[in-house]
Amino acid sequence: MKLPVSILFFISVSQILAFNNVIVTQKEVEIGVGETASITFQIKNHTSSTLNQTRIQLSQSPYITNPDVVLVDNWWANVTVSGERPVAGEILEALNCTTDGEEVCSLDLLDAYSRITVIRSHWLAILIQIVGWTYFAAWSVSFYPQMYLNFKRKSVVGLNFDFLSLNLVGFGAYAMFNLLMYYNSHVKNIYSMENPRSPPPVLLNDVVFAVHAFLACFVTILQCIFYERDQQRISTKCIILIIGLVSFGFVSVVVTVLNKITILDFVVSLSYIKMAVTCCKYFPQAYFNYQRKSTVGWSIGNILLDFTGGSLDILQMVLQAINVNDWSAFYANPVKFGLGFVSIFFDIIFMIQHYALYPDAEVPHNEYHGVDNPDPDSIVRDAEHGAADNESMESTDPIIVHD
């Protein structure tokens, strides 16, 4: 069987470009204003000795200074760049090339680029890293106070099951999103084609956090199965919402299999599920606390850590914007920024409920005190009244208001 001439030509060109390509060994470079760095351009898999006399034309930018043209010597060319003004991710790339005896550049320049970030201060960059790891740790640890509280009380009374169910669905979708974006080569290839020369959208710490969060939610659900839960159930409204979210994910799978959308579009749809969950998951717990007039059973430690993580996340964005003089992160992705503020807003609501509105509530299993359940003054006063008052307290039914 003979192949069409166009296909044969494409294969031949692809084979040539696969050999004669230029790469940059330093894909990410960070320098301060007034500092310099050396970037290496290298011709890989060369097939002709004439390519050793190649001149590469480089891009120019007001943020960095570099030569217009660099001469390749012995298949290598070192380029010195200096930072002029703060900028994030400025691309230095090879625009064209000329070789003795050839009128057209025969080199593949697709990978001949470097992302250069010019910062104001290295000390500020170190602070940004510290803040980043701190909020990562705070968010990662934030799941454990609730699990510990459930274990100490041997009860999940006070933990709203709607919140927990939505959290499991949200982090399940988020974990799948990160796993596919980080490990699936097909997804990464499509992303690279649609977003050429963009940094990876998902890093390993994103994958670790998402999977860890999903497992933590799953363990908490197991506690709800084995510990006392009174009459608490998942509400009908929450079940309908979860069915809707799962159905959306299932439809996305179907249209992906039918080649109506790419697998990258399917992966992005998983992030929409997480965003939808974040927007609505806090309402059930806040309303549940209001109904019970108590936060006992709902760990304030979780909220304090989540508030710390969210606040430090925004602080890191501010510090990064200052260091590179780029505030686009706040308006270029308003959804992410808005969701962060939604979480912080509800964290403040929960802290007001716990410390101001319902600090002395009497509910079942309030005998565990500490950071999660402060010792109510009313219980201390009752203990001082003697046996008569104690008998009265023992005969009084716990105060719980059900849905």
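Keep in mind that glycine also has a Cβ here, set from the backbone N, Cα and C atoms.
The model shown is predicted, which means the values in this text are computed figures rather than measured ones.
The feature compositional bias 'Basic and acidic residues' is assigned by Swiss-Prot to 374-388. Annotation source Swiss-Prot lists domain 'PQ-loop 2' at 266-326. The N-linked glycosylation site annotation in Swiss-Prot covers Asn45, Asn52, Asn78, Asn96 and rests on sequence analysis. Feature annotation from Swiss-Prot assigns topological domain 'Lumenal' to 1-122, 184-206, 316-336. The topological domain 'Cytoplasmic' annotation in Swiss-Prot covers 144-162, 228-237, 284-294, 358-403.
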Request  = Would you kindly give the Cα-Cα distance separating Asn45 (N-linked glycosylation site) and Asn96 (N-linked glycosylation site), rounded to the nearest Å?
outcome  = 18
Task = Could you find out if DSSP has Asn45 (N-linked glycosylation site) as helix, strand or coil?
result = coil
Task = Write down the Cα-Cα distance for Asn45 (N-linked glycosylation site) and Asn78 (N-linked glycosylation site), rounded and given in Å.
result = 18
Arithmetic mean of per-residue pLDDT over the topological domain 'Cytoplasmic' (144-162) = 96
All-chain count of other Cβ atoms within 10 Å of Asn78 (N-linked glycosylation site) = 11
